[in-house]
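Worksheet: one structure, shown below.
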Amino acid sequence: METTFVMIKPDGVQRNLIAPILDRFLAKGFTLRGLKFMNVSKQLAETHYADLSSKPFFGGLVEYICSGPVVAIALEGKDVVAQARKIIGATNPLASDPGTIRGAYAIDIGRNVIHGSDSVENGQKELALWFSEGLVDNTPVLRGQIYE
Ligand code: UDP
Ligand code: MG
């Protein structure tokens with residue numbers, strides 16, 4: 001089974017969107033393997049977004065991610081990396097389908113309420129970074145109702 005890292009960003013937390021956002025993934029059928037309400041250090045934000053360090057928006061992005069608590073989430077399921085990205089929607093909310101999280105809840109690209117890993121490999125890397133203590137074992141009892 002595949003795993004991915006999702007993070008509700010500080011704007012999503014401040015706007016009381018934790019429950020509706022989490023519900024999209026759990027109602028879909030994905031399994032929760034980690035859940036943390038936490039502050040983000042500058043070092044963690046910079047490591048997480050290291051690939052974007054040369055971008056002009058990098059400083060503002062790190063400041064945004066450190067501006068208040070976030071919810072770090074580990075999810076497991078079939079094709080969960082690509083599925084979560086679909087549920088999240090395009091980076092720029094103007095391009096996100098209105099049925100997606102960003103399409104429903106965000107307007108500006110720099111306040112797009114949520115992060116999701118963009119590949120299986122990056123999902124593994126990000127989970128190791130954010131959940132270095134490891135994930136929680138959580139076997140879905142209704143597995144046969146979700147997967148054929
Ligand atoms: N971002 C931004 N301005 C841009 C592009 C990206 O502020 O022009 C922010 C935005 O919050 C985005 C994050 O940087 O979610 C990471 O960018 P990435 O291209 O990885 O998009 P994502 O994977 O989050 O869709
Ligand atoms: Mg990305």
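Backbone N, Cα and C define each Cβ position, glycine as well.
TrEMBL entries are annotated by machine, without manual review.
Site annotation (TrEMBL): ATP is bound by LYS9, PHE57, ARG85, THR91, ASN112, and the candidate from ARG24, ARG102 recorded at this site is ARG102. Residue counts for the domain 'Nucleoside diphosphate kinase-like' (1-137) by DSSP state, with H, G and I taken as helix and E and B as strand, are 62 helix, 26 strand, 49 coil.
Selection of the binding-site residues LYS9, THR91, ASN112 by a Cβ distance under 6 Å from ligand 1 yields, in sequence order, THR91, ASN112.
Fewest Cβ neighbours within 10 Å among the recorded positions LYS9, ARG85, ARG102, HIS115: this applies to ARG85. A simple way to gauge crowding: the CB of THR91 (ATP binding site) has 14 other CB atoms within 10 angstroms, across all the protein chains here.
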